[in-house]
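Taken straight from TrEMBL:
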type: REGION; residues: B:1-51; note: region 'Disordered'
type: COMPBIAS; residues: B:1-13; note: compositional bias 'Basic and acidic residues'
type: DOMAIN; residues: B:75-476; note: domain 'Major facilitator superfamily (MFS) profile'
type: TRANSMEM; residues: B:78-97; note: transmembrane segment
type: TRANSMEM; residues: B:138-159; note: transmembrane segment
type: TRANSMEM; residues: B:166-186; note: transmembrane segment
type: TRANSMEM; residues: B:206-224; note: transmembrane segment
type: TRANSMEM; residues: B:236-256; note: transmembrane segment
type: TRANSMEM; residues: B:363-383; note: transmembrane segment
type: TRANSMEM; residues: B:389-414; note: transmembrane segment
type: TRANSMEM; residues: B:421-441; note: transmembrane segment
type: TRANSMEM; residues: B:453-472; note: transmembrane segment
Amino acid sequence: MSAMKIALVLSVALLALVSVAEAGVSFKSLNSSKTLTVQAKIQATNLTSGQAHVGTDHLVISWALNSSFDGTGKDASYVNVKIKLCYAPVSQTDRGWRKTKDDLEKDKTCSKGITQQKYVPTGNTTIWRITKDVPGAVYFVRVYAVDALGTQLAFGQTTDKTKTTNLIQIVPISGRHVSIDIAAAVFSVFSVGSLMGFLSLEAIKQRKANSKAIFSFFRAAFTDIIRGQSMLREIKII
Amino acid sequence: MASRKSNESEREVGSSTGHEPVFVMSMETLGEEKNSNTSSEPTDIRGRKFPLPVDSEHKAKTIKIYSFAAPHMQTFHLSWFSFMICFFSTFAAPPLMPVIRDNLNLTKADVGNSGIASVSGSIISRLLMGTICDLVGPRYGCAILMMLTAPAVFCMPLVSTVTGFILVRFCIGFALATFVSCQFWMSSMFNSKIVGLANGTAAGWGNLGGGITQLVMPLVYGLIRHIGAENYTAWRLAFFVPGVIQTFMGLLVLTVGQDLPDGNYAELKRSGDKVKDSFQRVLWNAVSNYRMYIFALTYGYCFGVELTVDNIIAEYFYDRFDLNLQTAGIIASTFGLMNIVARPLGGVLSDLVARRFGMRGRLWNLWIIQTLGGVLCIVLGISGNLTSAIVVMLIFSFFVQAACGATFGIIPFISRRSLGVISGATGAGGNVGAVVTQALFFMKSTYSTEKGILLMGVMMVCVTMVIFLVYFPQWGGMLCPESKATEEDYYKSEWDELEQTRGLHLASLKFAENAKSERGRRVAPALVSSPEHEIRV
């Protein structure tokens with residue numbers, strides 16, 4: 001049986017090593033295709049950086065083909081654009097689930113999709129109300145030009161290469177409500193209160209049983225004493 | 001009849017525990033005598049018959065899983081379900097971690113710290129719970145713990161900072177001490193011949209909670225989102241589910257449960273068969289036995305690994321394979337759900353091997369199972385493909401949990417006198433292992449989670465090697481054969497000469513006689529104790 005176990009383990013190990021993963025587009029390869037210019041402004045302040053609140057604030061995102069690429073035919077295969085909200089490095093540190101990887105299939109920098117639009121060389125604008133599920137972090141906006149299958153062909157972003165300019169800090173909701181707070185308090189009090197209630201009830205029952213027992217004990221002892229006395233009187237000792 | 005009478009007088013004199021009034025005890029003695037006069041079947045203090053066959057202590061001799069009859073089977077189900085719900089609450093946060101970490105802006109270190117906090121609280125509470133059960137009974141111990149930690153579960157919806165999150169997970173983690181009350185309760189209700197099976201099944205099914213929570217919490221979250229709540233509100237509302245169930249179970253245990261087959265501690269006096277032992281001596285006996293440390297260490301790398309994986313696996317599948325919360329939860333739950341069969345099977349395997357090879361077989365069995373678990377953990381770390389990761393994880397879960405069961409197949413033989421302390425220390429060692437593993441491999445961003453899993457597997461393999469150092473003079477070790485020493489010598493040596501002259505070691509000698517089965521096939525038929533011995537006395 002042990003030989004079978006070893007064989008099973010080895011075969012599974014082999015299976016694991018032969019992990020077939022389809023690699024996506026390499027981001028580095030897109031560097032030569034930074035053909036789009038993108039701008040994102042907070043609608044309330046009309047600034048490209050600053051604080052924005054989820055649920056209430058809007059981002060005005062406009063993109064277009066960079067004029068230096070006009071007529072070069074580089075955008076021949078662009079079908080759509082995908083606009084994404086991406087984490088700035090300060091919000092990625094110590095958070096491996098937001099890590100930047102070169103393989104765009106595995107890259108987690110731009111996990112929040114804003115919208116998708118049809119590609120036109122003159123570009124487009126979108127106004128997006130920041131949804132309540134966006135986590136509190138520092139962001140920039142990136143636009144990918146994709147083909148019909150969704151493969152990234154080119155990109156543009158609001159920030160520079162080091163991702164330090166035009167960063168927007170989004171302030172999230174806490175998720176807490178007064179009603180939740182009250183419900184939690186009520187349930188907690190019920191839990192502790194009913195426990196205390198039970199324990200005191202059982203203590204009272206115990207005291208009653210004890211006092212009954214004390215009474216019966218003394219009554220039995222008294223009866224014994226009387227009996228003992230009458231016995232002794234009978235045999236003329238007292 | 002005469003023996004019963006002398007038993008009762010012994011009980012009057014020797015078993016005063018100091019917390020029941022003496023006059024209550026003497027009244028109950030008369031009551032019990034009346035009972036035994038009128039009926040030939042064993043009954044409890046109120047004259048009710050037992051649905052299962054019982055021994056002289058009224059502990060059940062068989063176990064009927066499908067029955068809920070009071071008191072034995074009802075206790076079994078109350079006990080394992082309470083333990084399960086505490087596991088459920090303790091590991092309710094990990095499957096929702098992808099949402100919580102964004103809501104509270106946690107870093108990897110924060111998530112790691114919360115995982116450590118969730119298992120470290122119970123190190124202390126498990127050690128205390130044994131004493132609490134001794135003093136007030138397992139029913140109170142279990143119910144009080146559950147109903148006092150339920151507010152911590154209800155506080156989870158209120159956290160908005162990292163510190164709050166870690167603190168709340170720490171407080172909820174205290175509830176894992178219901179393991180001790182569960183085992184204590186099983187040992188009070190079931191005869192020593194089947195207590196192993198009862199304990200192992202209850203522990204295994206309790207550990208299920210870690211798996212069920214990975215399945216249920218994302219589904220509850222999804223349902224609440226579907227009804228229309230925002231994601232950061234939905235995860236908070238989801239926590240009311242474990243909280244309410246925990247409170248309900250606490251109430252049920254208080255109202256329906258009972259400490260002993262005959263009734264509750266407050267109604268009865270404790271059975272006098274137990275020798276009143278000195279806590280200091282018991283503790284010293286455990287602390288001076290090197291095997292306790294070895295098994296506490298190795299349990300840290302089977303149960304500790306199980307706890308660690310409960311904390312990280314859902315997030316791992318969510319992040320590495322880009323699954324949604326519910327799918328990651330379903331896959332992660334299969335790890336914990338293997339406990340239904342894996343942990344009891346580990347104990348059963350240990351018993352089977354012991355029939356042929358005795359204690360040496362048990363040691364080899366544990367070493368092989370746990371090492372294979374470590375190897376599979378390494379393979380899990382390098383599995384980059386979703387299907388192979390799931391398959392490897394399933395096999396890995398079986399081996400890790402079977403190792404936990406196999407460990408407790410050996411623990412009862414390390415010491416007879418200090419079994420409670422050694423079991424408690426082993427259990428605490430499991431939690432310490434979880435703390436250390438999470439601190440070493442899952443806190444810093446220098447290791448990705450998959451690398452952490454790989455290193456955890458390497459550590460499992462290395463640490464498990466210490467089992468080679470275990471040696472029982474009467475049975476041998478993994479590499480060394482037995483010496484001329486006997487089981488009586490080993491178990492008698494736990495008592496010093498003064499205690500032996502007072503005859504306190506006699507129960508240990510009875511145990512030593514039964515422990516001869518650990519010699520495996522070497523046991524000569526004449527040496528096996530026959531039932532007639534017990535009836536004559």
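From the backbone N, Cα and C atoms, a Cβ is placed for every residue, glycine too.
Those TrEMBL annotations? Automatic predictions, nothing curated.
Of the two recorded stretches, the transmembrane segment (B:421-441) does not lie close to the transmembrane segment (B:206-224), with fewer than three CB pairs under 8 Å once pairs fewer than 6 apart in sequence are set aside.
For the transmembrane segment (B:138-159), the list of distant contacts is 79, 82, 85-86, 89, 92-93, 104, 125, 129, 132, 165, 168, 171-172, 174-175, 177-178, 180-182, 184-185, 188, 236-237, 239-240, 242-243, 246-247, 249-251, 253-254, 257-259, 264-265: same-chain residues at least six beyond its ends, Cβ to Cβ under 8 Å.
Within the chain, the transmembrane segment (B:389-414) has long-range Cβ neighbours (under 8 A, six or more residues past its boundaries) at 196, 199-200, 203-204, 207, 289, 291-292, 295, 298-299, 302-303, 305-306, 309, 313, 317, 320-321, 331, 334-336, 338-339, 342-351, 354, 359, 362-363, 365-366, 369-370, 372-373, 376-377, 379-380, 383, 422-423, 426, 430, 472, 515, 518. A Cβ distance under 8 Å defines the sequence-distant neighbours of the transmembrane segment (B:236-256), meaning residues of its chain 6+ beyond its ends; these are 70, 74, 78, 81-82, 85-86, 88-89, 92, 96, 139-140, 142-144, 146-147, 149-150, 153-154, 156-158, 175, 213, 216-217, 220-221, 224, 229. Looking just at the domain 'Major facilitator superfamily (MFS) profile' (B:75-476), the mean pLDDT is 90.
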